[in-house]
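Below you'll find the structure, written out as structure tokens, and then a few comments.
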């Protein structure tokens, strides 16, 4: 990239659709300078996507860009934070401008929607990989953490679960959707919606939250461990899309996919009984569907129930989907 | 890395020597949360090192870690900022704990010195590369930028120049230093000192600044372009170490290395005549040697002088050293 790194930066990264007033100094100096809002705390997250591991080498760069930024946005969403600025470290085998143009289209489309300005990064030569560090802020003391769940809290998830796993299944099979249902699932795998507004609405309501990037079962365990509690999950109450039900063939098969689906970027959160009344009202304006799927208990472990009975499903499949 | 990613994070990254009071939530949640000091602006920089490009695949991981963090610290230094927090995105072919232990030793040694806390990141499987995003802060409005140089300002550099290029020359030749001089140059290549305190001292004195990561000639042009000015550089006044003079064989050969040496992480800055008196006093407590090497002029371009006469040296060599 030596020689035309600065051309690439000028062409693709300096000229971007988002321009925030709180960015004092953007791309083009040794570092970027930003103004923080008063009485706010800084929230920072980083995610890397490696070609051949997190996406196929010939994957559509627009989809890769969406996934890279969406996974970071989802992390801030889970804290209840407001995304603001991001850095992009892009490593490419060569300066492929066709790839880069398409990547930027996908990247800026999502960045514009959430008003996130690219403030810097690094463009280097090497095996294709993308690291994004996203920064945002939150009113001081309002971050939703993983360690706040208590026995008795109700367990919720946003959206529907399992579609992303089914979409990945389509990709890994032959990458060619054979009908509308598979097409929809594929789209859901690639174009997840980070729950940014829902996360912000949960700030004074949820006792804990995280985003489901490694699958519900795997990620929920982080809340349980951090909060030193256990949980009951009613697998028959999991929110499942019609497409998933048709693809999976049975409610049970669909529920198993929903328990393990990674890269879905829905939120999983806990709400104390006393805040349950405020929950629906708070989320109404974000138009985010939520479903109560269980409850937090004392003790350790995670009990999966099906129609009132504890089940012992082999859920090792989730490893397959984890990044 | 699936399966033991969390073990690695707990063992190497959660347990670190730096613990800052302004980190409300560190490693272990969806994102980190930090408190910003009042009346400050946030300063952010990102650098990637790719194995086989920025360092040899079998390079000492301790040195790689130093270089990765030092190059970021140097960027904040050039803004006059105070480093505070960093994210580490580490991609490794396998979870090589011997490599990781040594990498962390180098990383934490430098992080501890500058009181920088690791607040998050990502550990992924793939070709070896390291992306660090470093964050710090600066009193509002005090960042030193590249666009502030004016005709008449004096041009300075910190430390000595050229040692890193000579050290790289030793590495590329046979990687075995044959005497004390080569040993010293090699050490200077690997263990550059980011000029963090010097940068902070320059806040109300320098009109522009940047760090020399691609070589003086290449980087100075960024100041000239951003400030819309030209410069005269007296190459015979460049600060050269005794080791470099002996290695290069002549003052002229040494000066050419000094003009092009990349990855040196010294600061290049401009100072108005009116602030020249305050300069020495301001830098005394940081014990940083500085040298006036030229002056900013009206117009365009960069004129390199040798004993009062303009020279037209072929300085294309610098590309070789640029990352």
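Our numbering is plain: 1 for the first residue shown, then up by one each step along the chain.
Cβ from N, Cα, C; glycine included.
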Candidates A:75, A:96, A:105, A:122, the one TrEMBL lists with A:30, A:45 as binding Mg(2+) 4: A:75
Local confidence of the prediction over the domain 'PurM-like C-terminal' (A:151-306), expressed as mean pLDDT: 93
Rounded Cα-Cα span from residue A:46 (Mg(2+) 1 binding site) to residue A:121 (ATP binding site), Å: 12
Entries of A:46, A:47, A:54, A:122, A:211 which, being binding-site residues, have CA atoms within 10 angstroms of residue A:75 (Mg(2+) 4 binding site): A:46, A:47, A:211
Site extent for ATP (largest Cα pair distance over A:121, A:122, A:146, A:213, Å): 32
Cβ-Cβ neighbours of residue A:211 (Mg(2+) 3 binding site) (radius 10 Å): 28
Residues in the domain 'PurM-like N-terminal' (A:28-136) grouped by DSSP into helix, strand and remaining coil: 36 helix, 46 strand, 27 coil
